[in-house]
């Protein structure tokens, strides 16, 4: 069976890709399957740079086609922050509570109409000796004034979706997987899926 590598240790992300490639009889592996690689430091200044860094590094090490994503929250009134620093906005990587607390503090006194934001995702598909391909997806919303909901992770409890009248952490997981920034990026990837599958199966 052919295999594609997803440059993440996040099981949730891996499952999204497993659904896509299962119909092509392509197995999905993640960085959890390659502990010797270790964590890849995200030193880029854009989502695309970070996604490419992860995908190209792993593709080179394993000599296989690799997909990586970099995603984050963009708040307009904060000039795009936290952006590529979303996971470590409060200075501690992946501390959701501290990140949300800092975001709320930085938005104190900002009226609802000016709390517009979006989640962004860039996917990078890297194959050794070939040009890296990129796919992007976004979902628009507003930053709420307090945490609501227990589903999801990260900034989901603060990301209010006017269309649904709920935060991303209040909608069912199935719906989130349909409308999220990552889901929208994957939809773009699916348009070129035949090409990606060819890269994997010809190895």
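Cβ coordinates come from backbone N, Cα and C, glycine included.
Taken from Swiss-Prot, the feature active site, proton acceptor covers 70, and the record attributes it to sequence analysis. Following the DSSP three-state reduction, the secondary structure of residue 70 (active site, proton acceptor) is strand.
If you look up Swiss-Prot, you'll see 8, 9, 10, 11, 12, 13, 71, 153, 154, 155, 156, 176, 181, 182 marked as substrate binding site, on the strength of sequence analysis. When other Cβ atoms within 10 Å of the Cβ of residue 12 (substrate binding site) are tallied across all protein chains shown, the result is 12. DSSP assigns residue 12 (substrate binding site) to a helix.
If you draw a 10 Å sphere around the CB of residue 41 (Mg(2+) binding site), it holds 10 other CB atoms from the protein chains shown. Among the features that Swiss-Prot reports, Mg(2+) binding site is placed at 41, 70, with the record citing sequence analysis.
In three-state terms derived from DSSP, residue 154 (substrate binding site) belongs to neither a helical nor a strand segment and is classed as coil.
Residue 10 (substrate binding site) sits 12 Å from residue 70 (active site, proton acceptor), taking the C-alpha atoms as the reference points. Residue 10 (substrate binding site) is surrounded by 14 other CB atoms, counting those within 10 A of its CB over all protein chains shown.
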